[in-house]
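As recorded in TrEMBL:
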type: REPEAT; residues: 79-113; note: repeat 'PPR'
type: REPEAT; residues: 115-149; note: repeat 'PPR'
type: REPEAT; residues: 150-184; note: repeat 'PPR'
type: REPEAT; residues: 185-219; note: repeat 'PPR'
type: REPEAT; residues: 220-254; note: repeat 'PPR'
type: REPEAT; residues: 255-289; note: repeat 'PPR'
type: REPEAT; residues: 290-324; note: repeat 'PPR'
type: REPEAT; residues: 325-359; note: repeat 'PPR'
type: REPEAT; residues: 395-429; note: repeat 'PPR'
type: REPEAT; residues: 430-464; note: repeat 'PPR'
type: REPEAT; residues: 465-499; note: repeat 'PPR'
Amino acid sequence: MVTMKPLPSVVDFSKLFKTMISMKHYSAVLSLLRQMRKLGIPINGFILNSVINSYCLMHRADFGFSVLPIYLKNGIPFDNVTFTTLIRGIFAENKVNDAVELFEKLVREKICEPDEIMYATVMNGLSKRGHTQKTLGLLRLMEQGNTEPNIYNYSIVIDALCKDGNLDAAINILNEMKQKDIYPNIVTYNSIIDGLCKLGQWEKVTTLFSEMVNLNMYPDVRIFTILIDGLCKEGKVEDAEEVMKHMVEKGVEPNVITYNVIMDGYCLRGQLDRARRIFDILIDKDIEPDIFSYNILINGYCKKKKVDEAMQLFFEISQKGSKPDIVTYNTILQGLFEVGRTGDAKQIYAEMLSAGTKPDIYSHVTLLNGYYKYGLVGEAMALFNKLERNKEYTNIAFYNVVINGLCKNGKLNEAHAVFKKLFFIGLLPDVRTYTVMINGFCLEGLFDEAKYILRKMEDNGCSPDNVTYNVIVQGFLRCNKISEMASFMKEMDGRGFSFDAMLSQKEDGCVAGFLEECLNVGLNFILSAEEEEIAGFNFHW
């Protein structure tokens with residue numbers, strides 16, 4: 001365009017900028033501006049705002065500020081769009097304080113008068129990042145100032161309050177709106193109905209549905225799906241299906257998300273035949289199942305240990321021209337290990353790598369747990385060493401899996417070596433780490449070492465919890481070390497913990513004998529004739 005004779009008008013150039021942004025050709029926008037300035041072609045505020053928007057969409061709001069001097073040089077005034085675009089760009093980079101600081105500076109120095117859109121941009125940026133009270137504060141600031149809040153401003157606040165579970169405050173804001181003759185739109189109702197469904201307040205949901213109909217605003221597929229999701233999460237899947245039938249009767253077609261929600265509801269109840277029926281209806285309606293559809297069913301089958309059916313769906317994904325995602329792979333891996341199909345799990349993991357899907361921490365934890373569960377310690381340690389060399393997932397939770405797996409496979413020395421290494425690599429063991437190590441020593445009858453670790457964890461500022469004490473007490477019980485066990489039970493009780501007698505089969509068989517032996521060795525501080533002493537201990541048999 002810059003070489004055409006005569007040159008297109010500034011309006012034509014503006015249209016071109018708009019088109020390029022819609023096509024996401026942001027670099028081309030910047031290049032065109034440079035050419036226009038070089039050739040002395042007139043520019044306007046719309047073009048410069050488009051350039052700032054391009055920088056912001058490239059997550060370079062800082063470069064967007066470099067455009068501001070061009071306004072001044074060309075005598076083009078800043079407008080609200082200019083600064084609203086910059087604020088939105090700064091929020092997109094999660095620089096919340098910078099965005100708020102810019103907004104406050106605009107107001108304080110009266111650079112421009114914020115309009116409803118600028119307020120909505122700041123409010124939306126804050127609410128999406130959990131700053132609900134600040135969002136509400138901006139609404140109150142608008143009400144006190146010259147800018148009247150509109151439905152969008154109110155809806156942002158209502159949505160934030162609903163997401164926080166503060167439905168009473170959200171409904172109060174809704175009533176405030178109505179008193180000002182600002183009526184809710186479909187977005188407002190979406191937020192409140194979603195919040196009410198999550199709290200199971202179905203009567204209020206029904207009231208809002210009636211209110212919408214009275215306003216000639218019939219619920220759309222999103223609202224129906226929110227309602228269906230709420231019912232499914234409460235286990236009322238049949239009711240959810242009735243709602244879906246009702247929406248179809250009213251001319252609102254369910255989408256793939258609607259069907260997924262009902263499938264998930266049936267899977268959560270273990271009713272896989274019904275979930276599969278919904279999946280088949282979805283296909284009969286010529287609605288393409290998405291990866292979530294497959295993941296829901298695959299997860300349902302795996303939880304019921306119907307791994308063959310899950311694998312059939314897994315292979316169907318590729319046959320349909322789609323690709324399994326990381327959730328699909330993790331679910332299948334977990335399912336295969338649950339039924340002992342370690343060879344198939346290894347093969348799926350290899351396919352995952354060859355398909356270019358990067359494993360996440362859940363993938364590797366699933367593999368490690370599976371290997372350790374079936375005694376494949378060599379494979380587990382090979383994977384662990386590889387991940388450790390690559391510095392992947394080297395957090396304490398990851399090491400806990402390894403230490404626990406080694407202990408359960410009788411590799412106490414190796415587990416202890418990994419445990420001791422934590423201090424050298426700068427990782428602090430947590431209560432789970434210590435408990436696993438204590439359990440490992442107890443299983444081997446090494447109670448002095450177990451007690452040493454218990455005291456060491458307290459010295460290191462990590463307090464034992466109920467599980468820690470139960471592990472060591474049950475270890476003493478298993479080896480009939482009644483005096484030591486009683487001592488720790490007294491310590492437990494002093495700390496407000498209770499003994500959990502959900503023991504192994506061997507331990508269950510000796511509970512009565514344990515009580516008798518307590519009396520025989522004269523442990524009067526446990527079994528006293530005085531009721532208050534007996535009541536002082538929290539036995540959970």
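Cβ coordinates come from backbone N, Cα and C, glycine included.
From a predicted model like this one, the values you see are computed outputs, not experimental measurements.
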Long-range neighbours of the repeat 'PPR' (185-219), counting only residues six or more past its ends (CB under 8 A): 151, 154-155, 158-159, 161-163, 165, 167, 170-171, 174, 177, 226-227, 229-231, 233-234, 247, 250, 252
Per-state residue totals over the repeat 'PPR' (395-429) - DSSP helix, strand, coil: 26 helix, 0 strand, 9 coil
Distant-in-sequence neighbours of the repeat 'PPR' (79-113), which means Cβ under 8 A and at least six residues beyond its ends: 45, 48-49, 52-53, 55-57, 59, 61, 64-65, 68, 71, 121-122, 124-126, 128-129, 131, 134, 146-147
DSSP helix/strand/coil residue counts for the repeat 'PPR' (465-499): 26 helix, 1 strand, 8 coil
Counts by DSSP class (helix H/G/I, strand E/B, coil) across the repeat 'PPR' (79-113): 26 helix, 0 strand, 9 coil
